[in-house]
Structures are given as structure tokens and as C-alpha cells.
Amino acid sequence: MFKAIVSASTLRDALDSVSVLVDECKLRLEEDELAIRAVDPANVGMVDLALEAAAFESYEADGGVIGVNLNRLEDIVGMANSGDLVQLELDEETRKLHIQIEELSYTLALIDPDSIREEPDIPDLDLPAEIVLEGAQIGRGITAADMVSDHIRLRVDTDAEAFFIEAEGDTDDVDLKLERDDLIDLQSGPADSLFSLDYLKDMNKAIPSDAEVRVELGEEFPVKLHYEFGEGMGQVTYMLAPRIQSD
Amino acid sequence: MDFAAFAERADELEAEGSDLGTVALVADLLADAGDELPVVARFLRGEVFAGWDSRKLSVGPALCYEAIARAAGRNVSVSDVEARLADTGEIGAVAANYEFGGQTGLSAFAGGSDGDGGAGGDLTVRGVADSLAAVAAATGEGSEATRRDTLFGLFNRASPAEAKYLARLLLGEMRIGVGGGTVRDATAAAFLGAETTTPVDERGEKDDEKREDDAGTEADDDERGDDGDGDGERGPEDESADGDESEGERERETGDDTAELVAAVERALQVTNDYGRVAELAREEGVAGLRSVSLEVGRPVRAMLAQAGTVADALDGWDAAAVETKYDGARVQLHYDGESASVFSRNMEDVTDALPELVEHAERELSAPAIVDGEAVAVGDDGRPLPFQEVLRRFRRKHDVDRMREEVAVELRAFDCLHAAGEDLLDTPLTERHDRLRDVLDTGVSDLLVSDDPDEIAAFETDALEAGHEGVMLKRPDSTYSPGRRGRNWLKRKPDVETLDLVVTGAEWGEGRRATYLGTFLLSARVEGRGDPEYETIGKVATGITDEELAELTDLLEPHVVRESGTEVAIRPAVVFEVGYEEIQRSPTYSSGYALRFPRFLGVREDKAPGDADTLERVDRLADAG
């Protein structure tokens, strides 16, 4: 059983954060939240999303799992104006999702959840450094790095108490230095890892520029990016595996 | 089996120069393949899925290059990959020259490991096959990213040697000298105890594969019924691809046992269209297992193909020819299990959804489960066939099928039956198969004329052309169905290469319905001389002429009649016909000393006077050239 009403913009933010990594996923319809966890086909990036029942106008669910084509679902939700409410209701008989947006109703065929790729083991990491900053600041670093390279280096200088976003191209280099005062918070620790911009660019697309982003970082370890949406009642964590720095 | 081990074997195969050595190496590899035998057998041929499987990898070069570039390290772009490709000319070599594995995977950090990157040689043959199946399964909106990420993930985990064959596999070109015949013979050698022999038909088949690889860019042509490869493209070596001939040759070369074992594998391949399953069957159940396989309704069989040929070829080689209309349509294979039907293209793609009329036709008209071979033809409002391109519009159609159906109606012309009511008919003679076809299907069955009379065949062709079709197919009446073979048992009548412009110097009144028309026309070539022009007879033409044309020709020629005797009339040289023929033979029958074989009327050369007609000298030259 699943029946929910949610604002179009909240649902859109939720779907966008997942669709940057995968084009189909499982929605876990827990009693107290809607949850999605998905790993990209190359096992490099992961998204973990929770949207609390309180984020919905109304929410009833009993722990079922459904599989959806995200692009299709995004297209449908894209038909709504930002103030609109979206009604979702699962038809258990036909295994289809009824979507009602104002006078528009849509019946979405679901995907067998078993046919969706199982996510591999996800590391449980305790990372030494934590940087809290605005989405816009990360976006600025990523945009600058993208001008010169397809990789980005994130590091914390424990002496200077600063967070660096750097990129090295064939000819040109980019450096963005954010000191403690530029950041919302900084827990300094040894942290220096290289990441693929392909993934980070996509993740950045979903991060609202005014969101507070908590970055967990280590040395040659995956990075974790946490942020909230839906007035704090939706939480997203991205995890991205590093590239080897030796080259 | 580790993919690294497969890559190592593939390298050995690539380096092996002799066909015999190749078969031996493949036999060893198949014997060592264990659980992954079916996948290994397909990979060797550059295939991810069984031949009958309508799943397609659909990875184009661009996607492959993109995945390589992403996995290749810092700041490698698609254009870098393309530049290297331009230098080396081969994607496998390009892939093998990059250092992959710079990107770690999340799972590397899950087990408390320190995460030492991807290029750890952990790819297995099965794992690669599963990932490629996932790539094939990703369709529709947004799937491009999924396919790219999956391929990136594979390359990222590949060593240089693995990357080489991964890239080649993606693009379906293994370049290790393993043709279908090699896998067949190696299967027999590895599991049935056959001697290792040189596959005599290998050369032809490899060429065939190359051409199929190219087919992506020539999809239009490839869809075309029996015409896919066009005339004249195929060299004489292709003739050896004919099943009967190669088996005959094999018996002379090796013992009967080996020939028999190889034939058992060959038959199982024809029936199942699956190198993987046949290899496994040979290993698990031996010859008996291979012999027990039968066609399965729902699994497409490779279509039997035709060579270009002439009526003379047919009648010289066979007692009689089975003649059928050659449709300008797209080849289809209909499978009906008694309840529902599916339709497959010549490439064994599932086109069921695109051609609902054929499905409805099969479900309505077939009286028993069957596999039917035929053509889908587009028909205009006037009932005349529309060009092939119109049929293709339907084949490619995924959406709005109903609307397209209104625009271009497609009909079935069934001409063969591979399975009927639980019985496989591959080994049944053509004429009997056609009878069985008529038994199970009432409508949409192509007419079959069995004849040894050239005139009757020519008349059949005239009717076919008149109805707007391409011409005729000539088939050996007692031949069996050889899937995937372009043998000599099916001929598509070659269009006339040269035509002659000849003067009408006589005619005969027709009979029956045509009694009031001049029919058979006596033709003459011009002899260049000093005085009055002279004409020497060279043959008679009576075919290729419609009733309407006969009336017109009678009106045109009657004023020039100089005398009549019985039904024969002599005609003053005035009218020039363009005439097609298959051959010029020396003959005492006509005054020129030549006779045209299978002459056909093509038209009146209104623009030519008798003095402009072809000369006997030209006929001499053409006869010598032929």
C-alpha cells in the first residue's frame, strides 16, 4: 500500500539527486520515509536519499519496494508547476503507479525491482576531515576545474586550516582556496583525494546552491557529500570513489 | 574463466598463422572453458548473444571510444582516442595502449582494503557477459549514460590485454581468424573426437562475417530479402560456402567419421543458431545430443540466401526449376506457436511490434504451429507493390505503428516452411515444404511453378514484372533448407547485362485469346554492306510482352506486313525492338549463325530506324566475349 501527496518541487529535487547517477532505481516505501539508494553502473558513485513522511502533505506506506524509470517519472513530474501538489498511488493489482497532478492523471508502468541491479557493498567510512560550505562554493570550484581538466583534487591543508579545490590540466591549472573564515565549518584532518569531474559535475547539478553541504574527506578515500532539501526533511548523501593520484 | 585468460588465448589465436593451428587452439580453449563454455564460444566469434537472440549490444564506435577515454586516465578525450585510432587503425591496439584502472570502485573500500584501484584482473568471462547483457538491456531515454557508465566500469577494471579484446568484442570484430567453421570444427574436435581439420569453407565464411560487421551502416540493404549483399559482390570462393560442396570435399580430405561428426555439429548449428549451446550440447550429450535438437518456435533461424543466376544455370543444372515471384520486400520469418505469432527480420531482430498485420495474419490464418519464411511487401491502394523503402519505413517504426499502418500497408508473401505442426522440415525437399506451407496457411502463400520449359518460366517472369515485382527466384525443387547458406540451390535471376536493338523482320499470329494479335516476333541483326542494308535473322521473341503491348505492336507492325503464309508473316524492316537475353549461342537455326537464349522483349526503340539497329559485327563481339 502506498498513497502520498507531496509538493512537486520537493519530489523533483528528490528525483533529480538520484537521476544524475542512474536511470532506474528502487523506491523503498517505508512507514516513516521514502528511501532510495543507488550506485552507478560502474560502482563509482552512490546516492542515499531519505524523504521523511513529514515532508509530504500526506503519506501512507507499509514497507513495499517499487522499481521506477527515473527519466519517465521526472518527465511526468516536470509537467507540474512548482506550487502544484503531486498525488501518488500504487495500484497493487496492476503494479502501476497512478500520478495525479491537478487535472492531469498519468499511469506509470513500474519496473520489477528484482531486475534492477543490486548495489554492491557500500563502505562504512569514518573520514578524518569535514568541511561545511555552501553549495554555490562547491559549484564554483567545479566549474573552474572543468575549464582545465576532467579531474578534481580536494584537499585540506592542516597547517593553513584551509580547504583546496584544485585541477591540473595539460597546460593550465586552477586553484580555489577556501579558508576557515570562508567556510561554514572546518574540522581539519589529513585529507587529499582526486576525483572524476564527470561524477562530481553531475552530483553538483542536484545540489541546491544555497544548501549547506557537509563534505567528508580522507587521503585517497571516497568523499561523502551531505545536504538537505525539502525544508530539512529530505536528506541526501553522495559518496564518490577516488581516482588514484599516482599518475 | 578469468577474462585475462581468455585474452591470452585470443592473443595466441591472433598470432597463429595456419587454419589447422587455429582449429586446434580453439578446440583446446573450448575444452578448458568449463562452465563458461557457451560464453567463450560466442566471444570467439565476437558475439555476446546467441545468433537467434534478438537482444543486440548496440554499442557504436562513439560510445566505445567515450568509455575508453573516460577510463584511460587524466584528461584523455574522445579525440585523443580517435587520433590514436587513426595512427594504429585498430581499436584493440588503441585500448591496449592505455593504462586503465585509475578510478577506484566504492566496493574497494567496503572490505577494509586500502582501495588499490580497478585494474586488478578481476574480470571474468561471465562477468563481462553479464555487464554486456546489462548494456543491451538498457534502452530508452537516459540509457545512454547507463551504457557508457557500465562500459567505463569494464574498461576501468581491464588490463591492457583485456582491454584489447573488450574493445573488439564491443565492436563485434575479434580479428583472431576464427570463423564459424573454425568453431564448428573445433567443437567436433574438442568434444566428439573428430580429427582437427582445416575448415575448407572458412575463407568464404570469414568474408561473410566481415560483411555482416559492416552491415550496420548499410542496414537498408541488409534488410532486403534475398538481395542483401547485392549481385556481383561475391567472388567465386563463396560457392564453397555451400553446405553440400564443402561436405563432399571434406570427405575426400579426411575420414568419414570426422566428416560425419562435423556434419552433426553443423546441423545442430543450423537448427539452434547458437554456437554456445551447440558446444555445450556436444560436450554434455555428444553426437546423439546434437542430433536430437530441433527447431524451436520463437527462436529465429538464419535465412537461406540466393546467388545470382540465370534460367540457363537452373535448367542446365537441375531437371526442373521451382519458380517464384521475387518480391521487392523485406525478408521475414514468422513464428507461430499455436496461440501467438512473432516476426523476425533477416538479421533475426524481433520486429513483431512493428508489423502487426503479419502477426494478425499468422494468428488468423495459420492452422498449426509453424515457422514460415517469406517477404513482407508494401502494397499500395491499387494493390500494386510499393518500393522496398516503404517496407523499411515500417520495419524501423517503434511508435505510432497504427498510424504508419494506415500509410503503408504490409502484407505477407510466404514462400517456405521450416516447421509445421511439430515437425521440422529443414531436410524436406522444397516442393514438399511448399505443400506443407499450403497445408497450414490458406492465404498469403506465394505461387510456385515447377517447370523445365524456358518459355513457361519466361511467361511467369513476365507476369511477375507486369504485376510490378522485381522478377523471379529459381530454386532447385528437391533441395533442402540450409539456414544461413548462400548456396546454388536458390538463384535470383540475374537481370540482362546487355541488350540488343534488333529489327523485326517477321512475326506469327497468336493463338486463342491472342489470335488477333501478332505474337512471336522474328528478329534480325543488321549487316553492314555497300549496297542496300541486309538483315540476318538471329532469334524469336515472344515473352516479356503484355496483352496491351501486343495490341500496340500489332497496330505498329501490320502496315509493314509484306506477305503472309499461314500464321507466319514477313515484315518489312521498319521497327526496332530492344531485346534482353541471357546468352548468345552459335546456331544453324537462324541465318546469322547465332541464336539468342531466353530473349525477352524490353521495348520499342521509337528513336531508332532499322539502319541504326545493332550490327552482326556487334553480335559477333558479344558472342566472343560471352
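From the backbone N, Cα and C atoms, a Cβ is placed for every residue, glycine too.
Annotation source TrEMBL lists active site, N6-AMP-lysine intermediate at B:Lys326.
Feature annotation from TrEMBL assigns ATP binding site to B:Glu324, B:Arg331, B:Arg346, B:Glu375, B:Phe415, B:Arg486, B:Lys492. Secondary structure at B:Glu324 (ATP binding site), taken from DSSP and collapsed to helix, strand or coil, is strand. On its own chain, B:Glu324 (ATP binding site) has B:Phe415, B:Ser446, B:Asp447, B:Leu448, B:Leu449, B:Val472, B:Met473, B:Lys475 as residues at least 6 apart in sequence with a Cβ closer than 8 Å to its own Cβ.
According to TrEMBL, the compositional bias 'Basic and acidic residues' annotation covers B:200-214.
For B:215-230 (among others), the entry in TrEMBL reads compositional bias 'Acidic residues'.
According to TrEMBL, the feature compositional bias 'Acidic residues' maps to B:238-248 (among others).
For B:403-527, the entry in TrEMBL reads domain 'ATP-dependent DNA ligase family profile'.
Taken from TrEMBL, the feature region 'Disordered' covers B:193-258.
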* Asked: DSSP helix, strand and coil counts for the domain 'ATP-dependent DNA ligase family profile' (B:403-527)?
  -> 32 helix, 53 strand, 40 coil
* Rounded Cα-Cα span from B:Lys326 (active site, N6-AMP-lysine intermediate) to B:Glu375 (ATP binding site), Å -> 9
* Measuring Cα to Cα, tell me the gap between B:Lys492 (ATP binding site) and B:Lys326 (active site, N6-AMP-lysine intermediate) in whole angstrom. => 8
* Asked: Across the record's ATP-binding residues B:Glu324, B:Arg331, B:Arg346, B:Glu375, B:Phe415, B:Arg486, B:Lys492, the largest CA-CA distance in angstrom?
  -> 19
* Looking only at C-alpha atoms, tell me how far B:Arg346 (ATP binding site) is from B:Lys326 (active site, N6-AMP-lysine intermediate), rounded to the nearest Å. => 16
